[in-house]
């Protein structure tokens, strides 16, 4: 059988791992897919660095030339970025009738619909298992394995940097800044960490998951995004006392008001599978009508783990898979109504710095009662040491509310703030049940 | 597009759920697969009971007639049993050029190679996602998503009955018999529970997983099988103290001596994903060279969850999937060398009832030292209450060994037993690292 000819654009950590495995494990991969897979072309920034890895593959100075080369069947895009070379090379490959495999979450989140339509029109594949949650095959599971299910919710720990920082803060009682610095030292966080810790990376991945789960077009702009900068070790300690852990989750769920997509720090009960996911590990939990709950846990990043996802996509192509990019024709992807964050309903963890005098709590409780917010628990305690920046004469009070709406709790807290019984801004962390 | 015509044989919990979903969610499933799926035939035991579910499907008194019917493209076998009607109907369907979807672990474990070869020769599919771990799509993950990996180990909690019993024993400090009776009351265990609690159900599933993981023919006879009858609440309490939980695992791993396949109660560290799997939930952990570790957690049984897996297979067929049953040609499935259990290497938990007099421990330690077995920990303690059947004048002693071989520890314990310092048989539970 004629080999499947692969062109790889980008030889960073992931590209290098893909190339090494496709050449080093060629016989094993052929046995598993029934067809030889051969790297026939490579484009990357640094030819000298790439040279020792090239083998029989041809070198291309320009990824666009590789994308259009008659010597490849599959274009593997591992350049990154949602514009520039990555976008134009993927579009060129599709136009030239090549299937595309990519790890590029930003490209899919921004231009997924348009690229899927182009691939469909050309009768080629656009595969992106590696774009979400690294080595966890969540794309295949949502798109294929759960085809008999109506999916209600997908939520996940999709950013290893954030989960590492939160895990360390919890384990060591350290502050956010210290743990971020540590993550940077260890190579788990970028010098400019904003894309990860402010939730944007998670949002890109969530846009893709939501699209697959609900048969809707990727809609990055509809996602409510908050990062983890505001989380303190006090919050983690209180969470621990109350039976929770704090995780940065991406959540996409059906609600009565439309599809709700949100990224924010979340309290999850310690008994859940997500709470047990530590360090840089990723996890995705899916709730659906037939399977109920399915959780996948694995490495969210790293060259080899991400290469595993890329190779899985290539193997599907070698076997002649014909699954559409988002599991259904691009024309049928709905522009589903999106629920605004103000309509979100759930429980809330609220940490307030309350003036230490009689009547303070009563005043707060009265404001909350007026908004019909009821409490699961109220905890007032002396901090072991006064937290940095704590106002003298104020004590931390933690409220766990029963389900209420985002608008209701925000308005109630605004009223509390205006009432002058608290110092600073209230800390608010949403609670995710089950 | 012409609909994919499905015949369902067996309308028990799973068959009923599959039929209801295929008819009730027909439009949604067609949207997800790109092709309508229509149930055109049904065979089951009780026609009167089936009648209200039939819709436009034809009734067949005999599953074999359904299997051969020209009005079906796919034969869904949900009868069960590795001989009799299930086997002959599946063989007949394949011979008649129909693809087969089955939830029948016993059929696959016993006759998987032969059936896969027949399906391949006919150019039809033989799909069995539902045969292992219910709604967890582990077959698809091993066969497709991890195609770029060399798999080192697959291990899992594959039997909900056993996990339920162990979870209850641990949580409530109850004995095995009580928890089994409770599981039977709740419908989690059969009146004759042997197939589940003695490990045979797990072994059938492990035979299939090992085959997919290692590209070898299913080999049920090669599996070392022990169940959970011997586990006491003392063992669970000691495990808890030592940072472990006890789970019935099926483990298949590459070793220097061949592929080792075994089913037995296992100590797993509380920090692992498998330790956090409670009740009837199943889980599978895969270790592989690229992805490192991937864990899938979900429902292992139940009509709807198992239907989810059956429907996933049907959806693949609707999309025209062409994956071979075991991911590669049947002729290439190796009869891989199997490592005998005596060669197993690992740590062991040993619970002894030791004569309470000076020198007892020294005598045991000396015997173990002679066999070059070293200890991670030794724990002697008074039981809170004397365990039922405890010999007066004896105290429980728990040893955790460093890695040694099955033969070595067995021989050493035989020597200890012969030495007369212990009462009864030593309890021995293998420890699974990482």
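Residue positions begin at 1 at the first shown residue.
Including glycine, each Cβ sits where the backbone N, Cα and C put it.
Feature annotation from TrEMBL assigns active site, proton donor to B:205. According to TrEMBL, the NADP(+) binding site annotation covers B:9, B:10, B:11, B:12, B:13, B:14, B:15, B:16. The NADPH binding site annotation in TrEMBL covers B:105. Among the features that TrEMBL reports, L-homoserine binding site is placed at B:190. The feature domain 'ACT' is assigned by TrEMBL to B:349-434.
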> Looking at Cβ-Cβ distances, which residues of the chain lie under 8 angstroms from residue B:11 (NADP(+) binding site) while being 6 or more apart from it?
Replying inline: B:19, B:42, B:44, B:45, B:46, B:49, B:50, B:53, B:78
> Which of these binding-site residues is closest to residue B:205 (active site, proton donor) if you go by CA atoms: B:10, B:12, B:16, B:105?
Replying inline: B:105
> Could you state the CA-to-CA distance between residue B:105 (NADPH binding site) and residue B:15 (NADP(+) binding site) to the nearest Å?
Replying inline: 15
> For residue B:16 (NADP(+) binding site), what is the secondary structure state per DSSP, taken as helix, strand or coil?
Replying inline: helix
> To the nearest whole angstrom, what is the C-alpha distance linking residue B:12 (NADP(+) binding site) and residue B:190 (L-homoserine binding site)?
Replying inline: 15
> Just the number: how many Å between the Cα atoms of residue B:16 (NADP(+) binding site) and residue B:190 (L-homoserine binding site)?
Replying inline: 20
> How does the model score the domain 'ACT' (B:349-434) in terms of mean pLDDT?
Replying inline: 88
>> Can you tell me the CA-to-CA distance separating residue B:9 (NADP(+) binding site) and residue B:190 (L-homoserine binding site), as a whole number of Å?
In response: 23
>> Please report the distance from the Cα of residue B:14 (NADP(+) binding site) to the Cα of the residue listed as 'L-homoserine binding site', rounded to the nearest angstrom.
In response: 17
> Cα-Cα separation of residue B:190 (L-homoserine binding site) and residue B:10 (NADP(+) binding site), in Å?
Replying inline: 19
